[in-house]
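Enquirer: Summarising the annotation, TrEMBL assigns compositional bias 'Polar residues' to 25-43. The compositional bias 'Basic and acidic residues' annotation in TrEMBL covers 45-54. TrEMBL lists 103-688 with the feature domain 'Major facilitator superfamily (MFS) profile'. According to TrEMBL, the feature region 'Disordered' maps to 1-76. Feature annotation from TrEMBL assigns transmembrane segment to 104-126, 138-158, 170-191, 225-249, 261-289, 309-331, 383-406, 418-444, 456-474, 580-604, 616-639, 668-691.
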Amino acid sequence: MQGPKGIENPAFVPSSPDTPRRASASPSQVEVSAVTSRNQNGDSQPRESEEPQKSSESPPPLSTPPASDEPPGSQLCELEEGPCGWRDFHPRCLQLCNTPQGFLFHYCLLALTQGIVVNGLVNISISTIEKRYEMKSSLTGLISSSYDISFCVLSLFVSFFGERGHKPRWLAFAAFMIGLGALVFSLPHFFSGRYELGSLFEDTCLTTRNSTSCESTSSLLSNYLYIFVLGQLLLGTGGTPLYTLGTAFIDDSVPTHKSSLYIGIGYSMSILGPAIGYVLGGQLLRMYIDVAMGQSSDVTEDDPRWLGAWWIGFLLAWLFAWSLIIPFSCFPKYLPGTAKIQAGKTSQTHQNSSTSFQHTDENFGKSIKDFPTAIKNLMRNTVFICLVLSTTSEALVTTGFATFLPKFIENQFGVTPSFAATLGGAVLIPGAALGQILGGVLVSKFKMKCKNTMKFALFTSGVALTLSFVFIYAKCENEPFAGVSESYNGTGELGNLTAPCNANCNCLRSYYYPLCGSDGIQYFSPCFAGCVNSVSSRKPKVYYNCSCIERKAEITSTVESADFEAKAGKCETHCANLPIFLGIFFITVIFTFMAGTPITVSILRCVNHSERSLALGVQFMLLRLIGTIPGPIIFGVTIDSTCVLWDVNECGIKGACWIYDNIRMAHMLVAISVTCKVITMFFNGLAIVLYKPPTTGTEASFQSQNVIVSTISIEEDFNKVENEG
């Protein structure tokens, strides 16, 4: 029964949902299995003649009860393959979804919902939550990282115990927790009362401005932090089975060469989710925050006091996530045809000292005592460790760019924050989704084995490394900035925003509202430009009589006046590299994410079949601990090191950075990107060198050893029937 394509396991004969359980295979079934065995071996000798020690123990007759005929786990997949439904209720219409395509459709919807909430709505709502609940950025950073903390804590245990469990029901639990997390995250809006508008800040030069004192104030609104953290923890609990057990279930249900395509499609949906979340959240933020209370305000979106209805998107996600609970709960433990697919697969597990140890106890994995042994077995798999480390390095740079690419575009090319975020999303989201799908399609089309899949990932990473140097080419010089790189008409000192022309204006350095003077120089705010008058009805807002801007004559503050000394917003940049940068960076993102699906498939192939879910759990835990959690922190510290002008409040506490050194920022981002890419390629290449595929003729079954014994027993039953006949 052994051959280059592995063992044809007659214990995995697909059964009809309505077929009652048999004690052993019927003569017809056994005959097919025996013929297959003879064809594969190229002879007509029965298996028992090759292994006489097995034939010394005659098997029980065909009428023996099930309990004594075969091991309980030998027909596990066959017994658990069933119709779509609940208990005895199996509508015919539901059977149309009882396929890998039907499961993938619902998996994509759940992954899409998770991406919309966690990486879309949460991120776009953070700034609004900071203002509404008077939180510091460090506190909102804790909110953002709570999801990863929850994922790291639970991923190992969920993937370990869920491997032998009912995976679709685990995903129903994931849908419930994602919906509950979204609901909890929106609760502070309903308990914090009506939003009270403050007084409008006057941004022009005022000699009578009240000086602000240094006071440390605390607000009770910041206590809602704990509810936001709880919501993120619940979302992390729901995301854990989605990307570990859900991926393993898809891999179970489709042939090897199709697995990469299905996984790539599923992962691409989790990438498209943030794009939808940003679009949906952006539209909802244009609605006033208390719209549900019938409250409206005379302020517009241009007013710094404006807050949008951030909470509506979370309620929509809650309802949609809970609508997926019923579909997932009706799927069987294994889709019809899974046994046949598993019987046709061959093992590509990396061969080392740990692979010789097989757990013959079918109860292994059901007790917490088995957890350390399973982890130890994975840690001995050097190929698996190398692949995981390569993904963590890649995750560090991708999450860093996902967080700070808009900031880079804003500062390098002088565009508004909203437009920079739009451009960043237009490059990252489609590029990442397209890369995931292309990687899966190519691996599936060419039916790559494990080693070739790793080589393909190494190639795409090499192309992405080469394209990463686009940041050096796209760098742009800083535009002239008064008090930073340019003086105030020959007065004042560089590095000091205060000059004789604005010394009497009592300006606040914590209020950054850039404007462009008619002299082509950018100013920190209308106050620091010495502007006394403004006309807010014009778009953009214009300012007059600015003492720090050289002017020819006194200008009247009227709407009809076509002349002005300064206008709100940054000066237009003279750098024309933005289109080229976006085009090359888009291709870089595609090649970066083309390696994502192949690496995931390689991880599923290089470990034992029973350890796939746990392997994904270990991967995602380390990916967050070493990649996604420190990634934004490392990028943030690196970008802050290029700052040339900080926000310093009345207490002397340093806040956000207002102005960066563009050239240095570009060089630092290239350094980080190249370093991470080199690490990724090193561990990827090391995995290729260390990988040892199973030799031809070795055991290739995905099942435990007791299944092989069951196969032999069935053949002996067939021989006995022939002898009795």
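Glycine is treated like the rest: Cβ placed from N, Cα and C.
What TrEMBL says about a protein is an automatic prediction, not a curated fact.
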Enquirer: Using a Cβ-Cβ cut-off of under 8 Å, list the residues of the same chain that are 6+ residues beyond the ends of the transmembrane segment (138-158) and lie near it.
Expert: 118, 122-123, 126, 129-130, 170, 222, 225, 228-229, 232-237, 239-241, 244-245, 371, 375, 614, 617-618, 620-621, 624-625, 628-629
Enquirer: Calculate the per-residue pLDDT averaged over the domain 'Major facilitator superfamily (MFS) profile' (103-688) and state the result as an integer.
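Expert: Reported value for the domain 'Major facilitator superfamily (MFS) profile' (103-688) is a mean pLDDT of 84.
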Enquirer: When you check the transmembrane segment (170-191) against the transmembrane segment (309-331), do you get at least 3 Cβ pairs under 8 Å, counting only pairs 6 or more apart in sequence?
Expert: yes
Enquirer: Looking only at residues six or more beyond either end of the transmembrane segment (261-289), which have a C-beta under 8 A from one in the stretch?
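Expert: Residues 100, 104, 107-109, 111-121, 123-125, 128, 132, 189, 195, 243, 246-247, 250-251, 254, 295-297, 301, 306-313, 316, 421, 425, 429-430, 432-434, 436-441, 443-444, 593, 596-597, 600-601.
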Enquirer: So if I exclude everything within five residues of the ends of the transmembrane segment (383-406), which remaining residues of that chain have a CB under 8 angstroms from its CBs? That is, six or more out.
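Expert: Counting only partners 6 or more residues beyond its ends, the transmembrane segment (383-406) has Cβ contacts under 8 Å with 350, 417, 420-421, 423-424, 427-428, 432, 454, 457, 461, 592-593, 595-596, 599, 602-603, 606-607, 615, 618-619, 622-628, 630-632, 634-636, 639, 672-673, 676-677, 679-684, 686-687, 690-691.
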